[in-house]
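All remarks here apply to the structure that follows.
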Amino acid sequence: MRVRPRGLVLLVALASAVAQAFGRFSYALLLPSIDRDLLGSYALAGLVATANVAAYLLGTVAVSALSRRARPAALIKAGLACSALGLGLLSAAGGAGSLAAGLTLTGVGGAFIWVPAPGLAGSVVRPSRRGAAIGVAGSGIGGGIVLASALTWTLHAQAGDASWRTVYLVETAVAVVVLVACVLLLRPAPRRDDDAPVRTGALRRVPGWIGLTGGYAAYGLAYSIYTSYLVTALEDDAGFSAGHASAVYTLVGVGLVAGGIVFGPLSDRWGRGPTLVGGYALMAAAILLVPLGTEPPASASALLFGLTMSGLPAVIAAHLSDTLTPREFAGAFGRCTLAFGLAQLAGPPLGGWLAETAGGFLLPFVLAGAVAAAGAALSVDVVRARRRRRDGVAA
C-alpha cells in the first residue's frame, strides 16, 4: 500500500513526535517529578539527560554513514522501533542507570527518525511548497509536547510525583502504534530521486553552509538549556505551582505546532536566510523573558520559543533540501546536526552546574539568550551566500 504525499507528510509528523516530543522533551517536562521521586540532584539529572544527547549525536553519525545505502523510510522505521523500546524502559526505570539507558535508546531512535524525516517530507512536493511541507512534518513535535504536557498535568494531580512512569507508559503505546502505521504505509514517493547517486561533499555545496551549521550549533546549546530547565526554573525560582509550570510548558508545544507551519511558508516567500536571522533574534528575546519570573512574560516566552524551536529547523532543512536529493539530505543534515549535537550535549550539564553554582537559573537563561543571538549573526552568511549565487546566475 502506497500513501499519498499528504499522508506521507502526516506519517513523518507523527514519527517526529515520537522522536523529539516523547524521546527528548518529555524528560524535561517530567524532570521535577523524576528528581523528587528518584534522583534528588539537578546535577545528576543533567548528566542523565546527557545520555540522550550523546546517543542522539552517535545516532546522527550512524545515519550519515548509512544514508548512502539505506532509504530514509527504512531509517525512520528503525528509529521508531528503538524509541519505543527506550520509552518502555523509561517507564520501568529504577534509578539513574536505567533512566540513562532508556534515554540512550530514545536518543539513537530520535536521530534515526528526525535526520532523514524533513528531506523525505520535502521530496514529495513541488519546490515552492517545500518549506511548508517540512514545517508541517516538524509540527508533530509540538503536538507530541501538547499531549505529554496534558498527560503530565492530569496524572500529576491524581498520583503525584510517581505519575511520570505512567506518562512514559502511554508514550510507549503511542510509539508502537506509529511504528505499525509506518511499517504498513510509509513508502518512498515514486516520482522522486530517492535512488539517485549520492554525490560527495553534499553539505559543502549548500550556499552558506558554514553559517548555517554554526547557527544550528547555537540553536542546539540555547534550546537544550531552555527546554531542560524551563519547568524547574519556573517552579524553583518564580514559585509557580507544578500545574502552572506544566501549563506554561504546554505553550511551548502549541508554538511548536505552529512554528514550522508559519516559518516554512514564510521562508518560501521571503527567503531562507532572512527568515533564519529573524527567527534566531526572536528566540533570543523569548529566552530572556524567563528570568522575569512573572506572567504574562513566562507564557509569551514559551509560545514564542516554541514557534522558533520548530520553525528554525524547518527553514534549515528546507535550505538544504533546495540543493540536495533526499539521500544527500540525510547525509548532509546528519553532518550539520553533528555541530548541533555537540552543542546540545553541553547544554544540560552546563545549565545545571550554573544553576547550582549561582543558586538560581538566571545565568543559564542569560547564556542561552546570548547564544541564540549569536545564531542570528552567523545566519547572515546564508543571506550573503544566496545573494552571491543569485548575482552569479544573473551575470
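Glycine is no exception: its Cβ is also placed from the backbone N, Cα and C atoms.
Here's what TrEMBL has on this protein:
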- 9-387: domain 'Major facilitator superfamily (MFS) profile' (DOMAIN)
- 39-63: transmembrane segment (TRANSMEM)
- 75-93: transmembrane segment (TRANSMEM)
- 99-120: transmembrane segment (TRANSMEM)
- 132-155: transmembrane segment (TRANSMEM)
- 167-186: transmembrane segment (TRANSMEM)
- 206-226: transmembrane segment (TRANSMEM)
- 246-264: transmembrane segment (TRANSMEM)
- 276-294: transmembrane segment (TRANSMEM)
- 300-320: transmembrane segment (TRANSMEM)
- 332-355: transmembrane segment (TRANSMEM)
- 361-380: transmembrane segment (TRANSMEM)
Whether the transmembrane segment (206-226) meets the transmembrane segment (75-93): three or more C-beta pairs under 8 angstroms: no
Can we call the transmembrane segment (361-380) and the transmembrane segment (276-294) in contact, meaning three or more C-beta pairs below 8 angstroms at a sequence separation of 6+? yes
Counting only pairs at least 6 apart in sequence, do the transmembrane segment (39-63) and the transmembrane segment (332-355) share 3+ Cβ pairs under 8 Å? yes
With pairs closer than 6 in sequence left out, are the transmembrane segment (246-264) and the transmembrane segment (300-320) joined by 3 or more CB pairs under 8 Å? yes
Mean per-residue pLDDT computed across the domain 'Major facilitator superfamily (MFS) profile' (9-387): 86
